[in-house]
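In what follows, a single structure is set out as structure tokens and then discussed.
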Amino acid sequence: MDWHSFRIAALLLTSLVVLEVNSEFQIQVRDHNAKNGTIKWHSIRRQKREWIKFAAACREGEDNSKRNPIAKIHSDCAANQPVTYRISGVGIDQPPYGIFIINQKTGEINITSIVDREVTPFFIIYCRALNAQGQDLENPLELRVRVMDINDNPPVFSMTTFLGQIEENSNANTLVMKLNATDADEPNNLNSMIAFKIIRQEPSDSPMFTINRKTGEIRTMNNFLDREQYSQYSLVVRGSDRDGGADGMSAESECSITILDVNDNIPYLEQSSYDITIEENTLHSQLLQIRVIDLDEEFSDNWKAIIFFISGNEGNWFEIEMNERTNVGTLKVVKPLDYEAVKNLQLCIGVRNVAEFHQSIISQYRLTVTLITVTVLNVVKGCVFQPGSKTFIVDSRMEANHTVGEFLATDCETGQATNKFKNVRYRYVMGNNPENLLVVDSGIITLRNRVTMEQYERLNKRYEGTVLSIHDSLQRTCTGTIIMVLCGFWTTTEHPTTSTEKPVTLSITPNVDNVHFGPAGIGLLIMGFLVLGLVPFLLISCDCGGAPGGGAGFEPVPECSDGAIHTWAVEGPQPGGITTICVPQMPPGNANVIEYIDNSGVYTNEYCGREMQDLGGGERTTGFELMDGVKTSAAPEICQEYSGTLRRNSMRECRDGGLNMNFMESYFCQKAYAYADEDEGRPSNDCLLIYDIEGVGSPAGSVGCCSFIEDLDESFLDTLGPKFKKLADISLGKEIDSYPDPDPSWPPQSTEPICPQHMEQLASGHPSISPHFGKTTVISENAYPSGPGVQHPMLIPDPLGYGNITVRESYTTSGTLKPSVHFHDNQQASNVVVTERVVGPISGADLHGMLEIPALRDGTNVIVTERVIAPGSSLPNSLTIPNPRETSNVVVTERVIQPTSGMIGNLSIPP
């Protein structure tokens, strides 16, 4: 292989690619954000050299026209065709306008005016190359023109005067404040770099502060700040750009620093000692003024002082009250001094501030004791009554000038009574003397007059006056209080009685036993409490209403909701929508009325009281009355018109609950009647139909099951109900036989048997019952719901001797049919029409046990059109549906047995 030829071919191919492809390339630069960890890619495009001539930088504030052209653009397309160059952007067609212009032929860009970097730090010029038609020949080009900064802006402080404060005695290098200044020149440039400097301090004794030239932080230079010497400093700070260079621009600002006060001065008293004198037995509110000197800030807690006693005031004779406005303490005498007890006192006092001392002097503080010498002056005293008051008792027998008692004053110097002194004359006079009752002479108190009843009442049984002892030479006086209790003023002589009662003589035997609460009474009280404590134990141990011989306890009361009312899955219409209930009439002849009426099950929901008694193993119910319908009684009664035993009501089941099961039977009978009445309003066979022939419809409408009817057979018309037959007869003009009223009013007023309201003893047999019952009977439903638990099959006898019976519907629905249920139909029935029978439990369990539907017995004229058994689940046991036997004139339109729940036991539905 010729490698030389291959290299030449490769070079030629590369040249062609370079010529054809646009001569530009992109460089992506990765920008990593350290804060959130993201990476961004920026595209940098390199233009071809022929398209751009790099723009020259422009200096702000100068005439840059001498540098024109500052840039030149050129396109390679100009070699083949004429090219027009145009520019746009800020400074061209956007404000500020007209700064840049371009030569459209040559592509030279010129600057025409002075620029300001603080207004526009750089310009972006968009360049375009256009052909004669105005179309772009090249991609638009961005041309950046940078404006060079000059130092044309001085620093600017954010505040004219900065305010700061600091505590006195602060440590060195403690931060006071921080200054803030800005420069409008280009950031991170020497022109915007500011240096701070303190150029003046007032007072200027010694420099106290220093400033960081870069950050502007002002700090203390030493710990010699003293508010008591200078409370405020003023600084002048200069900020210069270009890092404080001589060619930089500068600005100045003031700083005012306030020195805060601390408790760094120990207070002291104006004098080191005090001497005072005071007379004995005197009180003084301003005995001495003590001034406190403190150099801290006035009216602050550092300045306010507290003067306290160190010693000498053990008797609490003195107090010191401080004046917070003047910081002066006043010494007061609050308790008299006795010269005989204390002649001289040495009071030691100290002083401190309200606030704690500062840490700088707390170690230097020493308690300074100031001495106050108190001299007590002796004063010649007079006399005093000891005690100050005296009580006397005065009764009505005391006459005038009667001596009540003696009340003498005592000399304070000697402590003797005043009547002991011969050369000193004390005299006594009465001060306050109510009713002017007493007279005093040399301390002897006598009655001026006898106390009368009026005085006694005005004084309210008590006299209170004063007596004065006066020393004339010393002019001393003392006062004593005299109290007299007045008693014995209710006598027979002063207040004669008008009572006619005889006087009662009482004798008091001394030295008898004490009448107060003694040990025997306390013992009885304790025994009473013990007996009360035994009562709860006796109540617990006693037989509270239990049966004799049985243990204590409570008899459980069953709940009605679970005892008698079951949870039924099928709910019929409300009782308000039930039509009139038809009660079947009595059968002819001397039939067993008990079985007949017991099987009818006609009840209502309203009762008027109930009483049940046990009668020799049986059950008797009295007072059982229906508000609507036939009045019944559960005991055998004797009817006047019919023979046999008539039992109007019977209780087949009495469960533990409080609801009679006969009421439940009546309730479901009414529900069944409601279903039958509802069925009258819709066509016969209006139910779910099952077709066995796939793809063939039902001719003449869905009137029944056509599984065994041939095509185009009209025998299905025979299965129509009586209403349709009657309609057909009317259409053909035949004679219409009236049908019995399905809802006759029952019972007739004339045929209702009158039963006695009292019970009679039946000797033998029963009175005969006249055949007063009709042949036409409508039975709505025979429903016997079974309760939970295993029970024996319950046979429900059918009424005998029916004729022309129409059975509307028979439903047996229950949540779970555990026991066996047996349904009996009419015996020896003729002309029977059964419209529908459905045996279908609600739930979806299996049918356990045997489902049996016996055939009709002794029936004639019976036509069975369809019997369908469609269980919803598996039938583990046998399912038997026998054929009708001995039937006559009976039309059974449909029977559907479709269980969907578990049925445990035997389900027997006779035809």
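Glycine is no exception: its Cβ is also placed from the backbone N, Cα and C atoms.
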Where does the N-linked glycosylation site label fall among Asn110, Asn906, going by Swiss-Prot?
Asn110
Annotation N-linked glycosylation site per Swiss-Prot: which of the candidates Asn180, Asn804 has it?
Asn180
According to Swiss-Prot, one residue among Asn36, Asn401 carries the annotation N-linked glycosylation site; which one is it?
Asn401
Tally of DSSP helical, extended and coil residues in the domain 'Cadherin 1' (50-157):
9 helix, 42 strand, 57 coil
